[in-house]
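Below: one structure, written as structure tokens.
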Amino acid sequence: MLSSSIQRIIQLRDESIPKDSFLGNLMPDTSVLNVSNIPRQCGLLSDNEINITENYTACQLVTLIAQGQLKAEQVIKAYLKRAGIAHQLTDCATEFLVEEAIDRAKYLDEEFKRRGGPIGALHGLPISVKDMIPMLGRTKNAGWMKWIDQIAEDDAHILKILYAAGAIFYVRTNQPQTLMHIECDSAIYGTTLNPFNRNLSSGGSSGGEGALLGLKGSIMGIGTDIGGSIRAPAAYNGVYGLKPTTFRIPVQGFKVAQLGRESIIAVIGPLTRSREDLHLFMKTILDAQPWLKEPSLVPIPWRSITLDSNKLTVAIMWDDNVVHPHPPITRALRETVEHLKKIGIRIIDWEPIDHQKGWNIISALYFCNGAEEERNMMEDVGEQPLPLTEWILNQPNVKKRNWLEMNELISERENYRTHYAQIWNEREISFNCSIDCLLTPVGPSAAPPHGTSKWWGYTSIRNLLNYPTAIFPVTTVDLVKDQIETDYRPKNTLDSEHYKLYTSPQLYANSPIGLQVVCRRYNDEKTLKCLEIIEQAMGRD
């Protein structure tokens with residue numbers, strides 16, 4: 001029965017692929033690893049479609065549509081075709097919404113003509129959606145075979161807001177088994193590949209979004225993050241991402257394992273191809289005052305802030321002292337720091353604050369049920385756990401806790417947060433300055449080989465602390481500069497395992513490298529302002 005359901009859902013996806021995107025004999029051999037240029041070179045996209053999908057940010061697209069220079073229909077058709085090509089190259093999609101998207105675009109064009117202007121801030125903007133986010137009348141398996149036939153009875157709150165602002169949803173994207181991988185290996189849809197090197201991971205759990213944006217098959221995507229699930233895909237695919245502070249962006253309507261869990265809270269956030277589009281996403285959502293319908297949200301609108309770059313202090317965390325970064329990551333940090341110093345930004349070094357302890361706490365917080373529900377859901381239908389599922393479910397601190405033990409763990413979480421804040425305060429006194437943000441690796445490597453993404457510590461620590469974090473692209477692996485550190489001695493077993501993965505920079509050829517900017521909780525706007533100053537120092541607008 002289960003196998004027939006999988007066959008049916010795969011058939012549904014395959015039949016939904018836009019017909020004008022079929023590569024046929026243009027499909028590259030599996031030995032071709034870097035497929036990032038194939039969409040523009042394959043001949044399926046017209047010059048105008050290439051222009052629409054490559055040369056505009058989301059902010060620019062909605063402006064052009066609002067000015068009547070582009071129509072929603074021509075924009076969505078270009079993105080549908082490019083997304084179809086991207087999927088054939090990377091296995092990033094779970095369903096295309098071709099007919100609905102084109103009908104929606106036609107309606108928006110008619111409304112524009114009738115009103116003499118757009119219906120909202122996102123009028124005509126194509127937005128891709130991670131499969132786990134419920135969409136009325138669509139399946140909502142959330143990474144579980146057991147839920148493969150479940151149908152959403154309503155749209156998620158966030159989709160309603162974006163729809164009212166004029167967005168067009170046109171494709172749903174892949175996610176891993178359980179959603180708890182920094183990899184995108186689905187037992188239903190298969191593994192999403194990195195478009196810059198298909199031997200490498202696209203990240204997870206929003207890896208379908210990452211690969212799609214990396215191939216410019218989307219201009220704005222919706223992801224989720226409980227341990228790095230927006231940030232790893234953004235970094236591995238050379239795009240931008242934002243993990244907001246909890247309770248700012250609506251999550252109402254979700255269907256996930258451990259629904260109602262408050263030990264550690266997942267967030268929704270954007271993946272985009274430009275920094276300003278992160279602002280557009282956040283402002284559009286918060287301008288709708290979602291806290292009026294979802295009372296758990298904090299009533300904080302999107303705020304405009306200013307920072308003086310001449311007084312900015314950036315703290316650099318080079319290593320988390322658990323798993324040492326590979327050479328490309330350290331080089332990306334070093335080169336970025338050099339840019340910052342040139343314009344007078346103050347740089348200080350940030351010593352990590354017991355990240356192993358942080359991991360011990362958060363890995364326990366993920367599964368206060370001892371992963372009993374997760375294992376039962378797989379056993380009920382004979383679903384075999386994938387290796388990375390086994391790895392996360394079998395972390396040493398994962399155990400079923402009673403009420404008293406649960407309270408003790410929550411207290412440990414709060415003590416860690418308090419300790420971290422106290423040390424931040426003490427360091428500001430010691431350095432006689434306000435530390436505006438941290439600049440850190442997203443992970444210990446560029447996009448890693450499939451099945452090896454075990455250490456989440458660089459990202460999950462920010463979920464534990466509930467700090468907003470923005471990802472931005474910096475560079476790519478350099479085959480000359482990024483040689484093996486032959487004199488490095490690993491600190492522990494996992495560090496040794498990770499060190500041995502970097503046998504040659506060639507293994508990671510063409511992999512993008514991103515970094516993360518971190519601020520204190522509810523300083524989401526400051527996080528993006530710090531990112532703006534950092535990118536300006538790098539010579540970007």
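Even glycines carry a Cβ here, placed using N, Cα and C.
Taking a C-beta cut-off of under 8 angstroms and a sequence separation of 6 or more, Lys130 (active site, charge relay system) has the following same-chain neighbours: Arg172, Thr173, Gln175, Ser205, Ser206, Gly208, Glu209, Gly221, Ile222, Gly223, Thr224. TrEMBL lists Lys130 (among others) with the feature active site, charge relay system.
Here the Cβ of Ser205 (active site, charge relay system) has 35 other Cβ atoms within 10 Å, regardless of which shown protein chain they belong to. If you look up TrEMBL, you'll see Ser205 (among others) marked as active site, charge relay system.
The active site, acyl-ester intermediate feature in TrEMBL is assigned to Ser229.
Among the features that TrEMBL reports, substrate binding site is placed at Leu179, Ser205, Ile226, Gly227, Gly228, Ser229. Taking the Cβ of Ser229 (active site, acyl-ester intermediate) as reference, residues of its chain lying under 8 Å away and at least six apart in sequence are, in sequence order, Leu179, Ile182, Gly203, Gly204, Ser205, Ser206, Gly223.
Per TrEMBL, the feature domain 'Amidase' maps to 75-528.
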Which ones in the same chain are close to Ile226 (substrate binding site), with CB under 8 Å and 6+ residues apart in sequence?
Leu179, Met180, Ile264, Ile265, Ala266, Val267, Tyr366, Asn463
State which of the following binding-site residues has the fewest other Cβ atoms within 10 Å around its Cβ: Gly227, Gly228.
Gly227
Determine, for the substrate site, the additional residues of the same chain whose CB lies within 8 Å of the mean position of the CB atoms of Leu179, Ser205, Ile226, Gly227, Gly228, Ser229; present them in sequence order.
Met180, His181, Ile182, Gly204, Ser206, Thr224, Asp225, Ile230, Ala266, Trp456
On the 0 to 100 scale, where does the mean pLDDT of the domain 'Amidase' (75-528) fall?
98
